[in-house]
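So the structure is just underneath, and the comments pick up after that.
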Amino acid sequence: MALSFCGNDRGSNAYSVDKGVLDNGCFVDALNLVPHVFLLFITFPILFIGWGSQSSKVQIHHNTWLHFPGHNLRWILTFALLFVHVCEIAEGIVSNTQMESNHLHLFMPALMGFISATTSVVYYHNIETANFPKLLLALFIYWIMAFITKMIKLWKFAEASLGVQELRFCITALLVVLYGLLMVVEINVIRVRKYVFFANPQRVKPPEDLQDLGVRFLQPFVNLLSKATYWWMNPLIIGAHKRPIELKKIGKLPIAMRALTNYMRLKDSYEEQRQKTEDPEKYPSIWKSMYRAFGGSILLSSTFRYMADLLGFAGPLCISGIVEHLDNSTEIDRTNKTVNMTFGVYFMSSTELLQNTSVLAVLLFLALVLQRTFLQASYYVTIETGINLRGALLAMIYNKILRLSTSNMSMGEMTLGQINNLVAIETNQLMWFLFLCPNLWAMPVQIIMGVILLYYLLGNSALIGAGVILLLAPVQYLIATKLADTQKSTLDYSTDRLKKTTEILKGIKLLKLYAWENIFCDRVEDTRGKELTSLKTFALYTSMSIFMNAAIPIAAVLATFVTHAYIEEVRLSPSKAFASLALFHILVTPLFLLSTVVRFAVKALVSVQKLSEFLQSDEIGDDSWRNGEMSMPIEIRKKYKYHGDTKAINRKGRYRMDNYEQPTRRQLRPTETEDVAVQVNDGFFTWGSNLSTLSDINIRIPTGQLTMIVGQVGCGKSSLLLAMLGEMQTISGKVYWSKLPDYEILFDGSTSKNRYSVAYAAQKSWLLNATVEENITFGSPFNKQRYKAVIDACSLQPDIDLLPFGDQTEIGERGINLSGGQRQRICVARALYQNTNIVFLDDPFSALDIHLSDHLMQEGILKFLQDDKRTVVLVTHKLQYLIHADWIIAMKDGSVLREGTLKDIQTHDVELYEHWKTLMNRHDQELEKETEMESQTTLERKTLRRAFYSREAKNHVDDEDEEEEVEEEDDDNMSTTTSRRSKIPWKMCCRYLSSGGFLMVFLMVSSKLAKHSVMVAIDYWLAYWTSSNPHNQSLANPFVNVTNYTQNDDTQIAEHRSYVPVFIILCGAAIVLCLITSLTVEFLGVAAATNLHHNLLNKIIHAPIRFFDVTPLGQILNRFSADTNIIDQHIPPTLESLTRSTLLCLSAIGVIAFVTPAFLIALVPLTVAFYFIQKYFRVASKDLQDLDDSTQLPLLCHFSETAEGLTTIRAFRHEARFKQRMLELTDTNNTAYLFLSAANRWLEVRTDYLGAVIVLTAAVAAIWTSPESSLVGLGLTYALTVTNYLNWVVRNLADLEVQMAAVKKVDSFLSTESENYEGSMDVSQVPEDWPQHGEIKIHDLCVRYDTLLKPVLKHVNAHINPGQKVGICGRTGSGKSSLSLAFFNMVDVFEGRIVIDGIDIYKLPLQTLRSRLSIILQDPVLFSGSIRLNLDPERTCTDDRLWEALEIAQLKNMVKALPGGLDAVVTEGGENFSVGQRQLFCLARAFVRKSSILIMDEATASIDMATENILQKVVMTAFADRTVVTIAHRVHTILTADLVIVMKRGSIMENGKPEILMEQEDGLFASFVKADM
């Protein structure tokens, strides 16, 4: 049949224009082509020229992006236009089928319109990015022309009295409206931008964010299409495949999303409420402020959500239509229609178009695409709002923390834990609530709509099905709350388990030396058992909740269809059955989510409650009195004269007290009145309760001088400093700060406002998580000379040299642990370095030994600070420094006892002076002791050195696995990373499943497969049942005569009901299988978790000691905390979800392919697309998740560290800097989180569109091949479910990949070598009482720590007789300790042997060997529990034996006094005893084990003289008959020994009685003794 534009029907003269040109319909349609052709002619050359010039730089530099006014409206209108054009094409084509010949003019102009509408928007986008508005003129002309031609057409239709009932009339009218609106938009652009017709066009700058190239988050700035599909994310996500995403790549947040902007929004609405309320008691509500600040976006999101939900119902309706019309398509007859042939063409009614199956298929596709787009838009908006809210809340909390009153913190109203919870938990709860809150009002609407539609399809039986769903919803809520409770109890157990594990790892050396590792291992296993019980309950509830989700729709479908079969008169048609099936699928999601949302809503209420309580807590007082307005001149009553004599220090370093007069180092001021820096008048201060802590304070701090505050412990010295800083609550009285000298004000304008900052070093040292250098400079500019001077003054250089990266080493909570003295010195250094006029030092000497204190006093305080003429206030207990003070304040019980110079006090208060003098003499004796012993500092440095020695060794000898991990992280070599990054860790999955046990895996797999097969069977049976009698739509067939009808009716009903039993059986089976699968997966998870943790613990506890030297403690602990937690709680649900969604998708594709095999052809490209999407997404998602985690930690740390260091930050006046830092950290974390959620949206939009394409292909294939209609319904219902589950497959894959890393880390530790516990001798061959005598022979012993390291002992030979007391000495690193470890077979002995009482110890089983010897270690280790547990964990000894041991160790009286005696509590690490006491406990422990050989490894290092003397006595008496080997670092402890061994570099240099060795003048031992005197 020939094609012609106007058609060539018989008898119609298509081209005649007798009745007037415009009355020929065909000519009007031709006229409509003109504007479209015009547009295409004009724009194509421009676009090609434009693209040609751009091809050199495809990515336009993003600061040229700009939105013309009405940007979004234009996009929306264009989309609407495209949709109407599609309808027009469809209508034209369908009408064309009713004509005799082809009438191209019915659909050709519409097609051209579609093309030019698309062109218009592409053209517009290019003009906009290039910011060249003059070219918009072409579009303006196009809209006008199109509007006019369409108007003519409409006018002609109206003239021919065609109305709304004709579809073509409606479409034309719509087009007129749309073109008109677009014209208005265009005019508006001209009006605003004045780019044409006006003399001066407006100059426009792109938004600020886009001019800053650091902003990479472009969602707010791109056009609507890119916004909806996240097109702008493509380069980032695809690029991640080649190179990991780093923080640089994700850049900064746009201004509108920064924490500061949102904080201002929230704070404004919060303050506004505060001003409105008259009632001062009533606090502003956070809910209201949140609504005011963020309500708009939530409304927008809810709107999107509603649109998506309503569009969601289009799916089932279209399916119903398609199935129905496939059935009837053969029977459409034209007899009963009056054909409307105005203008010689066919006009169709609106309903007729919707009866065309192809049109319905396209509509279904469009509805799905739109629904998914709206849904993702709604998600995105809520997530963005949630993130904004979280940023605002964090800033609000932080500002509050900085203003919290100190008493709140110290009196425990606001603990650090609470603040951390606010930051880590409550803000996140609120954020999550925001994410989910549109569901709160969208879901009820969705449910009601669903039920109405079901009722419309199925009548009353639908209500029964809905009733089943509604009745079971509360059960789900119950399960959800139970889950939350169980999770809490699990958490408690796991914290407890971690505590015990940490203890074991910290004391692992001792446990191994005493052969106690298994006992303590069982303690952990005990707790783990409780934790697992709790986990099992958790697993049970989880599986119940999963089961409910799967079973509810089945139960509902069962109830509905069975009742329908029995009560309804009408036969169930396939179209209705499958539409209702799809509706039930839709209904399940909101009901399942509802329980979660309600739970979150309840949590959010609690969180807001906590937040508002926190925001209402007490704040610190007003700053007005710190501002240095001295309201009264201070008359100074006396003038002090100092005469002087320099101080003398004798050789021992003792201060002479007789000649204490002040040194004349500083000239006196000529003025009559001494300057005063701070003065307190009649001060009464309190810490919050109304009892005043400090009362009647009248003091003054002279400017530029050294003031000391002394007094007993707890008399209020520190409080006095804090009161001057304004940290305490003032009951009455005033604190005055003097004004700055004028020249200072000029120097720094900001200081004149406030009391200038005070450099303050608190008593409890406070460090930032930053490098040493950052901790000292503390935000001040770096000045090399000054920095060097400060470090020398605090003698930090040797400590810094020990650190792995010098002063660039991270310290603080997350960094390297320093000892107390080192931390304190860094804090003092910070105070010295700051360029402030006033320095407050709160007992800086408390953790330092005498040498350091002297050095600090001389170099730091006297030299460094006073050369700068800074005012120093020093709180101290070291009275010997009083002679340096210019001014002394003595305190007692919260009030000032005396104030003045030392001379004053000597003359006026002789008693006090004498008291001081006696105290000082006592100090002197201690001094002598301290100088004799190796100082604490050297010890601290030694432990630091040990820690790093082992780490360095680790860097040399790296076991394979670690190396591989490192390589994976650091390797930037393209090829290797790419291949490695996109692989799914199958090996680890197998490892995980195998630890779950073969039976469980088999059960899981088989039950899963069975369940999905049964599910498919149910739906197939439904299809079979509904199509059993297709042509008999209603049971009463009108053509059959009545008598025939009744019996026919009965048989039909009977036949109809015969399908029910099978249906019931299948549904029952499905429900049972749901239960089984959900249980097997969860319990598989529990089994795997049990095995993995058990193996990990055993492996690590039995690992050789070398392993612990080489592996940082934090790394091991991470395996037990974070990784175990992931394995316990996160992998099972992910695994469940992954298997379920994968199987659902596969079964769906299987069903569709079974119904319409043609679908398989289309499946190939879809699978390829899906493969690439998931491949790119998984890599990017993993990176972004890592970024999110790694940026969260610093944020939380910053909060906790601010809360700890409040007083310091406020004294330094550094609040602004810390706020800035907090905002930066929050923004960084929010950027990562935003990108992560945008990436999730990117994925979901793409998988959803893929799902829509699957539905479209399935529908089209079904229409073309037209199989049985019920099967088509089946296929399409399944196709609809695919759209929901495709993105879950990918997301679960990505999650599982991240979580499998935890299994990998645990697995890497499972491959460590264990110690060889067997030995070559049998236990039975060892005598019960071995070693009987304690004779030790060492033959040619060679020892190394690792096969790759040099030996530490070389060919050592020695013989020790029974009962001898032996001393071993030598410099650090000479191999003394290694020798002691060799006795216990703790190191690698590769040559030689040690024979004890005739048995070679290396042949013995380790347990036997180690349980028969005793050792006392250098650092005392106690475990939390009871005293009994610490002395005798095996429970083998009687109480008398324990008391005897305690008596020998001089602890009996102390223990008796404790509540519970032997069962008294020992806290973690034995913190409730002093170091000396702990060491004595270790001695008692060694004594309890009646072994004839005792080894003491530098056991007296951390003890004071008195305790040491006790130890020596005990060793002489209680151990008189035993062999004692003492490893000494202070030679004088072994002068009384029977035998002395001197070691150097792993060999024995001298060996003999100490008296003989002393006589050798040039011998090593003699030189040691000399040095020690």
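Backbone N, Cα and C define each Cβ position, glycine as well.
Record note: among 377-398, 1279-1300, 377-398 is the stretch given as transmembrane segment by TrEMBL. Summed and averaged per residue, pLDDT over the domain 'ABC transporter' (1336-1570) gives 82. By the Cβ criterion (under 8 Å, sequence separation of 6 or more), the transmembrane segment (1143-1173) is in contact with the transmembrane segment (1249-1265), since 3+ such pairs are found. In summary, the transmembrane segment (582-602) does not lie against the transmembrane segment (1062-1089): fewer than three C-beta pairs, each 6 or more positions apart in sequence, are under 8 Å. Against the transmembrane segment (538-562), stretch 447-473 has more CB pairs under 8 A than any other of 33-52, 106-124, 353-371, 377-398, 447-473. The stretch in 73-94, 106-124, 136-155, 1062-1089 that contributes the largest number of Cβ pairs under 8 Å to the transmembrane segment (33-52) is 106-124. Through the fold, the transmembrane segment (136-155) approaches residues 22, 28-29, 31-32, 34-36, 38-39, 42-43, 46, 68, 113, 116, 120, 123-124, 127, 169, 172-173, 175-176, 179-180, 182-183, 186-187, 189-190, 195-196 of its own chain, all at least 6 residues removed from its boundaries and within a Cβ separation under 8 Å. Tertiary proximity for the transmembrane segment (1062-1089) is limited to same-chain residues at least six positions away from its ends with a CB under 8 Å from its CB atoms, namely 532, 535-536, 539-540, 542-544, 546-547, 550-551, 554-555, 557-558, 561-562, 992-993, 995-997, 1000-1001, 1003-1004, 1007-1008, 1010-1011, 1014-1015, 1017-1018, 1021-1022, 1025, 1124, 1127-1128, 1131-1132, 1135-1136, 1139.
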